[in-house]
Every structure is written in C-alpha cells, then in structure tokens.
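*Asks:* Per TrEMBL, the features are:
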ACT_SITE  Asp306  active site, proton acceptor
BINDING   Gly186, Arg250, Gly251, Gly275, Asn276, Gly277, Thr278  ATP binding site
BINDING   Asn276  Mg(2+) binding site
BINDING   Thr304, Ile305, Asp306, Met349, Gly350, Arg351, Glu405, Tyr457, Met458, Ile459, Arg460  substrate binding site
DOMAIN    179-481  domain 'Phosphofructokinase'
SITE      Gly277  site 'Important for substrate specificity'
Amino acid sequence: MGSISHVITTTLPHLPSTRSLGFPISHSNSRLLSLPPTRVAKKVGVFAEHSSRSSTASAASVDFSDPDWKIKFQEDWEARFRLPHLTDIFPNAPPIPSTFCLKMRTPIDRDFPGHYSLDEEWHGYINNNDRVLLKTIYYSSPTSAGAECIDPDCTWVEQWVHRAGPREKIYYKPEEVKAAIVTCGGLCPGLNDVIRQIVITLEIYGVKNIVGIPFGYRGFSDKELTEVPLSRKVVQNIHLSGGSLLGVSRGGPGVSDIVDSLEKRGINMLFVLGGNGTHAGANAIHHECRKRRLKVSVIGVPKTIDNDILLMDKTFGFDTAVEEAQRAINSAYIEAHSAYHGIGVVKLMGRSSGFIAMQASLSSGQVDICLIPEVPFNLHGPHGVLSHLKYLLETKGSAVVCVAEGAGQNLLQKTNATDASGNVVFGDIGVYIQQETKKYFKEIGVHADVKYIDPTYMIRAIRANASDGILCTVLGQNAVHGAFAGYSGITVGLCNTHYVYFPIPEVISHPRLVDPNSRMWHRCLTSTGQPDFI
C-alpha cells in the first residue's frame, strides 16, 4: 500500500480505482438487497455546462427507450447508496438493545455487564428503513435555471438516502469499545465542537475508553506522538476556541500501517474529520479493515471550509467563513471608498469551488466583482475585469473585488508542486490581480490606489459561530450513532435540511462546484452588477 497522500491523489477528482487503492469496491450486497449490479454511472447527470462530462456519462449508461428505465435507475440508486455494515463481514454478529436512551440518565450497572434493558420503551430511535429525499425541485425542463436532470426530458425520479440518528439495536458493547478521533487536513472552524460532541455522545452510550490521535494520520506512525485521553471533563470547554485540540496535518503513513496501528491499539471505532482527501483515506482504511476481517467502524465527518463535498447542503465551518469574510470585505470597501480611485481586492478560500466567495459577496452588498473557479474570465481586453474596473472608477469612484483562491489559475504560471495531501499548490491569484491592476492603470495614465487583503488564516483559526456550532453538534452525535449501529465506510451530512448517512465513495468522486446556471450564482451577479468577462 502507498501512503495516505498517494491514496488521496489517486482518488480525486475521480472515484478510487481498484488498482490504486488495492481493494475491490462494491456497492451491492445480497444480504439486504437482491438488486442488479450497477447499470448507470456514479454521477447523476446534470444538464449544465460545467457538468456536461457527468451528464454525458450517465445518459450513455441508461437505455431511456426501456419503459422500466426509471425503476431500474432507482433500484441501482438504492444499491449504490446502501450503507456498508458489520454484518456484511460478520453475518452472525448479534445486535443488542441500545444503551442510548434519553429517559435513562444513569450509567450502565457495572455489576451486570452486557445488561442494557430499559425500564420503559423510548420512541426516539430511527428506523433503518427511514429515508430522506435528496432532491425536492421538479424541473419541468432541462433549460430551467440550475436544472439537475437524469434524462433529456427531465423526468422526476425519486432519489432517497439513509436518515441518520440513533438505532434501537447496536452492534458494540460500550465496555468493549475503544474509540479514536483524528482531525486531518487544514484548520477549520468547528473542529473542537465536533470532537467535543463525539466524546460526550460516546460517554452517554457508556464508552469509557476514548482517545485522540494527534496531528492527523501522522499520529498513527510517529512514535513521538502519543494518544490523547479524552473525556467530557477534557473536552468540556474546547469549543470556546478555534483550532483543533488534537492538531492537524496533511499526508501520513500507508493504509496498511494505519490499520496495523488500529489493531495494535485495540481501536474499533475511528472517527475521521476531514475533507475529500481525508475521506478517501478513511474509505481506504475501511476497506483494509474489511479485508482483514476486523470489527472496526470507520466514520467520516465532512470538514471542508470550502463547502465542496457532493450531495450535502453545507459542511461545517462554511457559515463561519462567510460571516468572518464580511470583516475583510468591509475593510476593503472602507479602504477603497476612502481613497481616490480606490480598489480593494479580497482573496477568500475556495480551491475548486467558489461557494465562500459567492455567498460572502452576496451577503456583503459591497462587492462589485466576484471571481470564482467555475466561471472563466479575462483580465485584459475590452470585456475583461480591468476594463470593468476602469468603468467602475469612472462611475462610482471605487471598487471591491472578491476572488476565490482557485479562480483564474490559467492566468498564472504553473509550478507543478503539490502539498503533502497531493493537492496542487496554486499561484496567488489575489497578488496577481493586484499587480496587474496597478500596472494597467499606470499604463493608461489613470491613478488607482489598490489594496489587497488575504484573511485566509484569520478565518480558519476562529471558533465556530452559532449556526456552525449547531451543525457540528449534530454531526458529532450522528457519527457516534452510525458507529454503534454497525455502519462503516460512511460519512454523515446535512441533506435537504435533514441529517443523513452517505457511503463515502458517493461523496468523494470530485469536488462539489457552483453551477454557473444556478439561481444562487444569478443572484450574486444581480447583486454585484458585473458583466460577463469573456
């Protein structure tokens, strides 16, 4: 097996291949479903320009002349989105009554290990057959703004995903559980909130042995890094500050080495907090545990400030980032507005997706130009950004530009360098726009006072706001519920305002992108008043 960074590199932006990860990937299981093998592509077709590649692949895989194509598609969808379970490997694993009950507020009786019967019935459990509808809009035409269609006629097809929450039956005895939490990638507001809630919920189930793995996947192999014992007393107030109690890092040891470490430490629940790359690693760990027939649940919690994970309404840290970005945008506006021919340039996070820049621009009402990776633009020329800036100075006297870090990379010289996670190191588009703007106005003999603000690390390091705090709390709780229910190789997320479980491969095939034909992007353009820069 290669290193985790190798796994991440080979799984993005496409689904993991069996060759690169070293194990077969299967979405069907005869124990629960007698369904046909996968007949359609992984990605549901989206009839938008930026997703034409996916829609073409999906449409080519479905025979729309078959009168039963819709039923077959739904059957295949159910097979793809079924949740991997411990009973796939251990069919005789006995379920036991759940130790999670809000009517029972006393610890498990130590004199009767394994005796979890409740005095009275509690109706707070989720049925395993509960589902959440993924899409709610019926698009009557593929030309509707933001239309996401499966077939050229935009037929309504129900797509259901599994509802998250506590189950009445669990597959682990709390006194036998050793749970571990690891935070990978970069910092993000809300990490401590999720850690805290995972620990609290584990203790409510009755788990006493909880540890944190320091500094991401690296903590599994570095002998200088030791486990961090966790308890409610330890994590009680960690959500009041930003960062991660456990520390973060990119890259790490090979998958086999990580699973060796899990076996040696006796860990049978692993909670992995991270983005697309980290989830690719978690999925590899899950499959290696299955290959070795280990009773281990690997549960992901999606952490990406860029909000770029598929199928989810949003990921934690995003709302906080949008809110904190307002300070930078407002500072840029004041600087620009207070100067003669002032121009403020703000660069925000967003490697592949421009959600932060779009939402921050929309909410501020002070941005004149919003540039995101999904929408190409020219800097020079009669229809370029600089020409529009000249118009803004002539008409308004000042201007504010908000740009996502991944925007306009085609304008910069490529370095081919990568970080420890295998991500391409981008050039600084903010600095480039600042320099080109100064150069342009100097050449045409017009005074321009250009200020540049990059608040990236200030935003990443702050504590979560109230909205993200709620999201982190519920994600942490549902991650524990999923582990005790016996699931593995899944991640928890917010979908259509409800909390659900997804199989990890379905959310890491590629980053979620802003649809240039979506209503939200159109609203942003209406707010900024910017033209098409092509």
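Cβ atoms here come from the backbone N, Cα and C positions, even for glycine.
Automatic prediction, not curation, is the source of TrEMBL annotations.
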*Asks:* Highest Cβ count within 10 Å among the binding-site residues Gly186, Gly251, Gly350: which residue is it?
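*Replies:* Top count of Cβ atoms within 10 Å goes to Gly350.
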*Asks:* Roughly how many Å separate the Cα of Asn276 (ATP binding site) from that of Thr304 (substrate binding site), to the nearest whole number?
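*Replies:* One finds 8 Å between the Cα atoms of these residues.
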*Asks:* Under 8 Å Cβ to Cβ from Met458 (substrate binding site), same chain, six or more residues apart: give me those in sequence order, or none if nothing qualifies.
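*Replies:* Looking at Cβ-Cβ distances below 8 Å from Met458 (substrate binding site), excluding near sequence neighbours, one finds Glu324, Ala328.
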*Asks:* Which one, from the recorded positions Asp306, Glu405, has the smallest tally of other C-beta atoms lying within 10 Å of its C-beta?
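*Replies:* Ranked by other Cβ atoms within 10 Å, the recorded positions Asp306, Glu405 bottom out at Glu405.
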*Asks:* For Gly186 (ATP binding site), find which of the recorded positions Thr304, Asp306, Arg460 come within 10 Å, Cα to Cα.
*Replies:* Thr304, Arg460
*Asks:* What number of additional C-beta atoms lies within 10 angstroms of the C-beta atom of Arg460 (substrate binding site)?
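*Replies:* Taking every protein chain into account, the count is 20.
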*Asks:* I'd like the Cβ neighbour count for Asn276 (ATP binding site), meaning other Cβ atoms within 10 Å of its Cβ, all protein chains included.
*Replies:* 27
*Asks:* Reported as an integer number of Å, what is the Cα distance between Arg250 (ATP binding site) and Arg460 (substrate binding site)?
*Replies:* 16
*Asks:* Can you give me the Cα-Cα distance between Glu405 (substrate binding site) and Asp306 (active site, proton acceptor) in Å, rounded to a whole number?
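*Replies:* Just about 10 Å between their Cα atoms.
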*Asks:* Would you kindly give the Cα-Cα distance separating Thr304 (substrate binding site) and Gly251 (ATP binding site), rounded to the nearest Å?
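*Replies:* Per the Cα atoms, Gly251 (ATP binding site) and Thr304 (substrate binding site) stand 16 Å apart.
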*Asks:* Listed substrate-binding residues Thr304, Ile305, Asp306, Met349, Gly350, Arg351, Glu405, Tyr457, Met458, Ile459, Arg460 - what's their greatest C-alpha to C-alpha distance in Å?
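*Replies:* Taking every pair of listed residues, the largest Cα separation comes to 17 Å.
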*Asks:* Among the binding-site residues Gly277, Thr278, Gly350, Arg460, report those whose Cα falls within 10 Å of that of the residue listed as 'active site, proton acceptor'; none is a fine answer.
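*Replies:* Within 10 Å of the residue listed as 'active site, proton acceptor': Gly350.
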